[in-house]
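According to TrEMBL, the protein carries these features:
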DOMAIN    4-84  domain 'Cadherin'
DOMAIN    85-193  domain 'Cadherin'
DOMAIN    194-308  domain 'Cadherin'
DOMAIN    309-413  domain 'Cadherin'
DOMAIN    413-531  domain 'Cadherin'
TRANSMEM  530-561  transmembrane segment
Amino acid sequence: QLHSDLDKGVGTVKYTLSGDGAGTVFTIDETTGDIHAIRSLDREEKPFYTLRAQAVDVDTKKPLEPESEFIIKVQDINDNEPKFLDGPYVASVPEMSPVGAYVLQVKATDADDPTYGNSARVVYSILQGQPYFSIDPKTGVIRTALPNMDREVKEQYQVLIQAKDMGGQLGGLAGTTTVNITLTDVNDNPPRFPKSIFHLKVPETSDVGSAIGRIRAVDPDFGKNAEIEYNIVPGDGGNLFDITTDEYTQEGIIKLKKPLDFETKKAYTFKVEASNLHLDHRFHSVGPFKDTATVKINVLDMDEPPVFSKPMYTMEVYEDTPVGTIIGAVTAQDLDAGSSSVRYFMDWKNDVDSYFTIDATEGTIATNELLDRESTAQYNFSIIASKVSNPLLTSKVNVIVNVLDVNEFPPEISVPYETSVCENAKPGQVIQTITAADKDLSPAGQRFSFKLSSEASNKPNFTVHDYRNNTAGIETRRNGYSRRQQELYFLPVVIEDSSYPVQSSTNTLTIRVCRCDSEGTIQSCNVEAIFLPVGLSTGALIAILLCIVILLVIVVLYVALRRQKKKDTLMTSKEDIRDNVIHYDDEGGGEEDTQAFDIGALRNPKVIEDNKIRRDIKPDTLRFTRHRPPAEDNTDIRDFINQRLQENDVDPSAPPYDSLATYAYEGNGSVAESLSSIDSLTTEADQDYDYLSDWGPRFKILADMFGEESYSPDKVT
């Protein structure tokens, strides 16, 4: 209720209301100021309303007091039950888990005001699912309540959870949800065979590697915990069989490793062991996770084809054997209980099979045509054997016939040889090693022998030395040969084999006489050395020799140029060597007269390139500056100067006065640059010319000129 102090109760004051819900949720009595709710309120929808009220004069419509604001708060009552917003729930827990193992946590939400009373205080409890699981009343955590829950006994559990407000008191509202809990598998069960003995019947004609039966061990576990490995326990008959696991059905597939024969053995017995691949160490105390069963296999007798006594037959026959000659036989038997007769026939595939025939009853093989080893050395064909009682049952075997050689070809020189002998050859010198070949198929250990023919054995030129290893050497018997007397020698060599009958042939070896150096290297030959009539023509040989001569000339020229370069190491070209011959009109001043030549000749040729005219005038006296020589004991320069001096001394046209020739310029490419003492920047104190006195009497004047001034070590700084 609103009331103004100016209201005297005579109806002169009017009350107005504005704000949230004015006129829709709340209304006011204009005369008394009473505020009423005209519809029900929901705190969860709107917890409070803000309103404004004012007192107005009825006559003037003017406010009697300022507008006032007030808040209407909706008081909460417990009208909302707890709700599981995430339900229903799905959870899992391993089987055989201990008591108190965590499963899942659930949560319920109550929309009532948690700050007012107990309307929003929720308590959890289990309505369905005991005694297997329990729940914490405050946190909603679900845990296992029983030990050793077995998945193989019961796998799925549905638990009904209740959440109740008002702290679980009487009158509180409640909400429920379901939790579906699954027990996951652990390997807590070993595999077990449902029976101790398995009986299998296997036909004796079963193929090796084929599956002949299946056995299965049962493991109640699931997934990888149920994977089983099968093994055959070593024992009677186990080596004839093998077992593998079918990864889809976990069955043991027994396979045949070796062929079975009813007539040899009719039954086999062995044991098979089944074990888990993935073990859980927590359950080792339960016992061994494997089981054993006995497998008995009975071999069934079947009507089988004939069996040959050998897997393959090899026969031999000499070539040119008369037609109809028996070369061997094949044998096949019917091993079944009711033995039947066997018939033989050729497996015709091509024309080669027509060279032989077989007796249908006895199985003997005979030639049908003449055989030639040089044409075909080996025949390979098949023989088929069938039972008379059942011709459809057949077996096949391969027969290899090797045609033996009859010695009908003589041995010959294996390859043509080009043999030569030096004119300066010594007796006993081997000039050629030869080998032989035979077109016949030589048996193991066949040997060839070599010798000279009877007409050549008396000649004193060459001989044949048989090395007894199917090779022989051609040796000289004379001390020297002359091409002028005879350029070609024809040596007949007789070669025999060791087969029967003995075959021999005479092969002529052509030996050419050649000119050789002292070391035995051939320099020239005029005659080809080949086995007649095979070899190179004379024109081709001359062309080859001409090419060799051209190559040798090129090599000699190249070596000569290299040697010439080594001699001219002090000069870059012939222009670097200059003879400056100075002509005098008078007798001259002797060794002291050094002004009769142009000093520019001693300088770098590049500097005086434009001044090439020599002046034969008497030079002024030159003062020689002492320079250090480029190198002591330079034998190349010394020899070069001595050679030039010798040429001037013996030249009758040389002038009878002193002449100075300069050869000291080494060239632009030299690392040491110029060897001349001219243009040197060093001082006289740096020079030592004592080595001039060691060059002999020809350099005595120079030694006296440059060595007359002695230097004291005290003056050198």
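Each residue, glycine too, has its Cβ placed from N, Cα and C.
TrEMBL does not curate its annotations; it predicts them automatically.
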With DSSP helix as H/G/I and strand as E/B, how many residues of the domain 'Cadherin' (309-413) fall in helix, strand and coil? 5 helix, 48 strand, 52 coil
Integer mean pLDDT for the domain 'Cadherin' (413-531): 84
Counting by DSSP, what is the helix, strand and coil composition of the domain 'Cadherin' (4-84)? 0 helix, 32 strand, 49 coil
Helix, strand, coil: count each for the residues of the domain 'Cadherin' (85-193), based on DSSP. 3 helix, 45 strand, 61 coil
